[in-house]
Amino acid sequence: MKLPGQGDFESSDAHENAHSEEPDSGLGPGPGLNGPSGIDIGESQVSKDPLLFIQLNELLGWPQALEWRETGRWLLFEEKLDMGAGRWSAPHVPTLELPSLQKLRSLLAEGIVLLDCQAQSLLELVEQVVSGESLSPELRGQLQALLLQRPQHHIQTMGIRPCRESNAFRKASRDEDAPLKHQNPLRQKLPAGAEAAAVLAGELGFLEQPLGAFVRLRNPIVLEPLTEMILPSRFFCLLLGPPTLGRSYHEMGRAAAVLLSDPQFQWSVRRASHLPDLLAALDAFLQEVTALPPGRWDRTARIPPPKYLPSQHKRFPSKLQEVTSLSRQSAALAEDKHHHGPHTPIPELQRTGRLFGGLIQDVRRKACWYTSDFLDALHPQCFSAVFYIYLATVTNAITFGGLLGDATEGAQGVLESFLGTAVAGAAFCLMAGQPLTILSSTGPVLVFERLLFSFSRDYSLDYLPFRLWVGIWVTAFCLALVATEASLLVRYFTRFTEEGFCALISLIFIYDAMGKMLNLIRAYPIQRPGSSAYGCFCQYPGTGGNTSEWTSAKLKDTEDILSVPGLVNASFLPPPECIRQGGHPLGPSCHTVPDIAFFSLLLFFTSFLCAIALKHIKNSRFFPSVVRKVLGDFSSVLAILLGCGLDTFLGLATPKLLVPTEFKPTLSGRGWLVSPFGANPWWLSVAAALPALLLSILIFMDQQITAVILNRAEYRLQKGAGFHLDLFCVAVLMLFTSALGLPWYVSATVISLAHIDSLRRESKACIPGEAPNFLGIREQRLTGLVVFVLTGVSIFLAPVLKFIPMPVLYGIFLYMGVAALSSIQFVKRVQLLLMPRKHQPDMLLLRHVPLSRVHLFTAIQLACLGLLWVVKSTPAAIVFPLMLLGLVAIRKALEWVFSPQELLWLDELMPEEEETIPENRSEPEHLFSGNDSEDSELMYQPKAPEINISVN
């Protein structure tokens, strides 16, 4: 059981509210745009007020030539017009002067307030406002003419040409005939149904008394000249007065615009019936204003927008809070079973009490989505995902195929790895409950294969027939687990277990990537100057020119070398020239290219760093948002292409991707079907049940831990999980691969989560200051299916794939492993061990759990991780599956060390522990109560995840 916002461990890691049901166009409302702005799922069900675009027009040029100029605009945040630069400022949190709010309140209390005005045009609106003022007919006419004067808007183009004043300020009439998208790029980023509000402020010499008016239109109308965007206007505010107060009218205009941009004030004023309601809303705003001491803050500084918006829940009236609290609680419980600890299991984990009942329910749930699983893949983003995952899958197949060939002495190899990956993966994508899962060989299963082969060799057993019976028993055991709905045990896989497993395999992944590079350097050694071990000489036939004389000579420097009869330093005579002249190149480095090792390291780290940089550029300030999105989505693909291009340009003989070119088993003399017994005795088919039991535990733990991670509700998957169906498919494929002598396959967490990461949907357009909204994952079956089909035909793509350097693929593997390890919450707690207390970030966890207890919990996890690594690396690796089960047992034992409240924050609660926590528990109570605790805002925000790329 997790707490809201605990998923990323830091209090700031709760993401903005995003609606998964929004269309992928990105034009749907973002955080705070439905209902009172800033309200999320539960609150938006109570009210759906449209987004309000507020524009401040200021009267400038007194006393010479009066004109209205746009000087500010608001959506979520304020944008000021920098007059000198002729451009809009970056969106920032507005700061107000308290006297301006007080003067605004006084002006509105004594001025004109028209609620539900029936005006149908700007002229009618101005007439109603002016008629309410006690002015002479002449002044009334002047005021009316002034208010009808067309303002000058600043429409910033997307070009790089410097703006002159004549271009920066354009008359609205000049753009009336231009297409809307060319008039204002901001218009494209507003959701459908957005409305406008105009605030007019300034000094007017012929006025003797301040003039204030606030108008709410019953039916919004387009007051075209007043705002830069052609939107129906709902509110109109006028603040004018004699030129005696300096910039006070400008600040009052800003105050009015900020009020209208405030969610709670806007919600209240939309429902106000009389002037007291309007003033009460303003007073409520004043009660929540935070003042900054003048001597501790630069008033000209602009506060950047927060990364994540706080919830507006507790700012609304008590009755609305009660309704939204219930609605929010219901939505929150549905949002993430891990975050909010539901008291009833999710549908996929409800016990039916019938044989294969869970499997039947999974099939029924997934059948209705089957057609859309293919139609939803018709999107350009899926092409990037296919290319990225295909290269990762092919590299993984080659890597594990080579390792498996070494471990089994050629009984299985790269060809079996390709064939098994293609057939098993494609079948799984077609029939699985979670088609986003990518099947692959995994490290723990490879360890078991190595041990099984060693056992067969030591006892002179026929390996493949023995392995066949192990696979048959594993299939039987897994089918029994499916029949008895054993997948319900995943409720006991808390974050403690998941992090231990993911951290272990992440380290294995990083270790293997680095190990492969070290092996490559050994194969292509670095030639250090002056090293006799890497010499290369040209030997000529004749007297004294023989090998014994060369090897026995005491060569201490270049002169000694050149004085040996018949020998010439190869630095002066390359091996090809030596051969042409009748000599013979002699020495260990005659056929070694000295640049291979260093250049391979360059490709390795270039692809690794490029993938990280391009992934992070998606959330940077560089380039337009469309370019950033493309670079982020294609980060790994671009890193691979960059490495290939660099390798091709320099033309060095780096090791390339090797793909089998012949379709036949690696072990000569055997057919594709494995004989049931071979040379083994019959009773071995029964004895195989014992290792099969251990392998079944490993398969179950590996598959279901991956499934739990993949199906976390914060990923906003809409089509549900299929724990029972996935395990059933893996069990059937175990029988198939065992019969053909192919590798065993299970869910590969690293590639599966990389698959999800490549398919994440975000809003395409965001209003200024708003981060892109996480909309969910593009759930479909086609990308995985195409990946595995391409893997199967890769034998015929060898002429193309042979140009991909292996160091580049090792760099991508390192990237996935590092990204996985850095995203695990456990690693962030390990970092606390190295931080002085005063430098530790402000985390919710540290507010509720003593630091010593946090360190103790982290130390226990480190000890478990070290134990798993030792067991994996020793002959005792046969008990590795039991050690994974041991993680669950250790987590259960932690109940004797930590209190339920501490475990609630440090980890998740097991089903039995949830019953020990009362409904009115003190810590999580503020999640739904709407109280005023300092944590409630931070804990209240739902999580839109940065996909955690774990490992396989």
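Glycine is treated like the rest: Cβ placed from N, Cα and C.
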Annotated range (Swiss-Prot: transmembrane segment) out of 634-654, 844-864: 634-654
Which of 385-405, 413-433, 634-654, 681-701, 784-804 contacts the transmembrane segment (870-890) most, counting Cβ pairs under 8 Å: 681-701
Contact check, the transmembrane segment (385-405) vs the transmembrane segment (634-654), 3+ Cβ pairs under 8 Å, seq sep 6+: yes
Top partner of the transmembrane segment (501-521) among 593-613, 634-654, 727-747 - counted as Cβ pairs under 8 Å: 593-613
Best-contacting stretch, by C-beta pairs under 8 Å, relative to the transmembrane segment (470-490) and drawn from 593-613, 727-747, 784-804: 727-747
The transmembrane segment (413-433) versus listed stretches 634-654, 727-747, 784-804, 807-827: most Cβ pairs under 8 Å: 727-747
Top partner of the transmembrane segment (634-654) among 593-613, 727-747, 784-804 - counted as Cβ pairs under 8 Å: 593-613
Contacting positions for the transmembrane segment (784-804) when only residues 6+ beyond its ends and CB under 8 Å are counted: 386, 389-391, 393-394, 397, 415, 418-419, 421-423, 425-426, 428-430, 435-438, 640, 644, 647-648, 656-661, 663, 755
